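> This is the structure I have questions about; it appears just below.
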Amino acid sequence: MADVGVDETLLKGIAERVAGEAAELVREAWTGMNAGREVRVDTKSADTDVVTAVDHESERLVRARLAELRPDDAVLGEEGGGIAGDGVTWVVDPIDGTVNFLYGLPWFAVSVAAQVGGVSVAGAVVEPVSGRRWTAARGQGAFLDGRPLAVNAPSRLDLTLVGTGFAYKVERRTKQARFVAELATRVRDVRRNGAASLDLCAVAAGWLDAYVEHGLGHWDWAAGALIAAEAGAQVSLPGEDAELGPDATFAVAPSIAAPLRQALLDSGVGGI
Ligand code: IPD
Ligand code: CA
Ligand code: CA
């Protein structure tokens, strides 16, 4: 890989600006849809795995803006594909939480991250409906609308609130549901909010104590995992903790990391 000089602050600003512009497009479309405007919906890996015309429009806007602002960088987007480059690669989820978007639930976001060598160095997750902006740059902390974020410090496993998510494929989901049924008997409660990027931001804000999910795409975690880590979470990404499963993403408040990890293993997380 080429030696890339990186200005994380600059990249964070661009991520926030571009995600914010796409979020505005998504917000207008969502408002129109809720007022009865038709939105084209297709399916992907399963009948439950949906993509709307708005996902495509949002990604097109992000790509067009990045082409103007950062013409030499690579872009990897959920809908348009792409491959990582030698320098900065932008990793884009044009709507994370598309099922929520489609049902009128306001919990979805545009996620844009800058990565170098597969490592996130800056990112932004912007929520179209609330307007909340979650941002982070490597070594500079994480912020919600400019306010610094810090994870919780839970001390009891049975009082730990854990977020998770399910894959679209039924075979995988069956195993995930078994694991969650077991986990739910050992922790305060389990949340399935429907947008991985925002689950990771929720850990950063202390709205969740931990989050675990198997099978995320690169675009699901690229910005949110940096935001969680910069707020003090212990984070393992797909490929980093084989015992939790080869494609597990785990973000947790450090005070409860060891007992929760053990509880996940005891609940059968490795077999998912
Ligand atoms: C999905 C959401 C969901 C998670 C899935 C993701 P999408 O992203 O983040 O919460 O459980 O694994 O694929 O399809 O809405 O962009
Ligand atoms: Ca996603
Ligand atoms: Ca998406």
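Cβ coordinates are placed from backbone N, Cα and C, and glycine is handled just like the others.
Among the features that TrEMBL reports, Mg(2+) 1 binding site is placed at GLU78, ILE95, ASP96. Annotated Mg(2+) 2 binding site per TrEMBL: ASP93, ASP220, in sequence order.
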> Compute the centroid of the Cβ atoms of GLU78, ILE95, ASP96, then list the same-chain residues not in that set whose Cβ lies within 8 Å of it, in sequence order, for the Mg(2+) 1 site.
ASP55, SER58, GLU79, VAL92, ASP93, PRO94, GLY97, THR98, PHE108, ALA109, VAL110, SER111, SER197, TRP219, ASP220
> List the same-chain residues at least 6 positions away in sequence whose Cβ sits under 8 Å from the Cβ of GLU78 (Mg(2+) 1 binding site), in sequence order, or say none.
ASP55, GLU59, VAL92, ASP93, PRO94, GLY217, TRP219
> Which has the fewest other Cβ atoms within 10 Å: ASP93, ASP96, ASP220, the binding-site residues listed?
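Minimum Cβ neighbour count within 10 Å, taken over the binding-site residues ASP93, ASP96, ASP220, occurs at ASP220.
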> Only counting partners 6 or more residues apart, tell me which same-chain residues put their Cβ under 8 Å from the Cβ of ILE95 (Mg(2+) 1 binding site).
VAL26, THR52, VAL54, ASP55, SER58, PHE101, PHE108, ALA109, VAL110
> Whole-number answer please: how many Å between the C-alpha atoms of ASP96 (Mg(2+) 1 binding site) and ASP220 (Mg(2+) 2 binding site)?
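That comes out at 7 Å between the alpha carbons.
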> For the binding-site residues ASP93, ILE95, ASP96, ASP220, which residues place their CB under 6 A from an atom of ligand 2?
ASP93, ASP96, ASP220
> Can you list which of the binding-site residues ASP93, ILE95, ASP96, ASP220 have their Cβ under 6 Å from some atom of ligand 3?
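The binding-site residues passing the 6 Å Cβ test are ASP93, ILE95, ASP96.
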